[in-house]
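Here's the structure, in structure tokens; my notes come after.
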Amino acid sequence: MVQVVEAFGKPHVNVGTIGHVDHGKTTLTAAITKHYGNFVAYDQIDKAPEERKRGITIATAHVEYQTEKRHYAHVDCPGHADYVKNMIVGAAQMDAAILVVSGVDGPMPQTREHILLAKQVGVGYIVVYINKADVSDPDMIGLVEMEVRELLSKYGFPGDEVPVVIGSALKALEDDDGEYGKKSIDKLMERLDDYVEVPPRSVDLPFLLPIEDVFSISGRGTVVTGRIEKGEIKIGDEIEIIGLKATQKTTCTGVEMFKKLLEKGSAGLNVGILLRGTKREEVERGQVLAKPGTITPHRKFKAEVYILKKEEGGRHTPFFANYQPQFYLRTTDVTGSIKLLEGKEMVMPGDNVSIEVELQVPIAMDKGLRFAIREGGRTVGSGVVSEILE
């Protein structure tokens with residue numbers, strides 16, 4: 001039996017904005033909160049000081065809003081190529097993505113990379129918002145829409161049926177009553193409600209939460225945050241902290257979401273979990289919290305991987321056995337060594353191959369876990385664990 005989680009009395013969906021730098025992701029996020037949530041201004045979403053100076057978003061901002069039908073938690077993912085690493089963490093928390101594409105420029109390199117990443121980290125649905133329509137012309141917008149649909153199909157999304165909304169996030173933010181203003185946000189919310197199915201949550205599976213961040217709250221102890229991937233957790237539940245170092249046991253002494261205390265946390269929700277007697281330095285991002293005995297840490301596995309072509313932003317040259325890139329698994333990056341299987345001398349950009357990987361540190365994993373392969377600040381491949389070796 002699969003259960004749909006409710007939040008605030010409505011079905012709950014995790015969404016987020018993806019797309020090229022300066023195409024309007026953060027402006028759109030602000031506009032949605034203005035009309036459907038508690039308004040969060042552009043510069044609040046774009047918070048950290050060093051980010052605003054460069055006019056690009058590095059951190060992942062969390063906001064919430066609701067339609068008549070649903071409650072949405074929304075992450076504004078970084079758009080700049082240098083911050084794809086962070087985006088992988090953001091995208092991992094999305095049931096659906098709002099792909100923002102400028103109607104003036106059309107799809108750009110990061111548009112492609114974000115679509116690829118969305119596919120790879122298991123984002124189920126994409127809804128497109130063609131932005132800056134007020135300063136583009138209808139012919140250009142038609143071309144942009146065609147190009148975006150083709151691109152989505154190329155990366156495995158149903159390009160022909162993906163909803164496309166045309167508007168201006170800035171006009172919507174300025175409360176403009178025209179077609180491209182607030183009405184485009186209404187239309188976008190309608191499309192999200194109608195097109196994106198509320199994902200069946202794995203609440204009946206054993207509890208698992210990949211740790212994204214760790215805080216120390218004076219007088220209360222250590223809190224870890226992240227999105228519950230499977231199962232549910234209640235106060236008093238025993239849990240294990242797995243990966244990177246020896247497995248530790250602890251107990252959950254509190255669950256909270258958006259600063260509200262919950263009786264329990266269930267799959268799909270972004271929560272903070274208070275841990276009994278655990279020191280801040282004993283836990284780190286990249287580990288997971290799980291029901292005792294349900295998942296184990298491993299260093300060696302077999303995987304099916306796709307290595308990006310040069311045109312997709314991948315490597316320009318082949319790689320050979322013992323190549324050592326970074327593997328992004330859930331919320332962390334770990335260096336690993338690649339072993340090619342018999343009869344394979346080298347792997348060319350564009351190849352789809354079976355490989356064996358040996359990580360430098362153990363990570364909690366099971367079959368079916370997806371990951372990205374990165375080097376020198378860029379994605380060079382994607383893969384899925386096909387078999388655990390040890």
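Yeah, the Cβs are placed from backbone N, Cα and C, and that goes for glycine too.
Looking up the ranges 76-79, 120-123, 292-295, 380-383 in Swiss-Prot, the one annotated as region 'G3' turns out to be 76-79. Swiss-Prot lists region 'G4' for one of the ranges 35-38, 131-134, 135-138, 351-354, namely 131-134. Region 'G2' is the annotation Swiss-Prot gives to one range among 55-59, 95-99, 305-309, and that range is 55-59.
Of all the Cβ atoms in the protein chains shown, 27 others lie within 10 Å of the Cβ of Thr26 (Mg(2+) binding site).
In three-state terms derived from DSSP, Ala133 (GTP binding site) belongs to a helical segment.
Thr26 (Mg(2+) binding site) and Ala133 (GTP binding site) are 16 Å apart (CA-CA, integer value). Rounded to a whole number, the C-alpha distance linking Gly19 (GTP binding site) with Thr26 (Mg(2+) binding site) is 10 angstrom.
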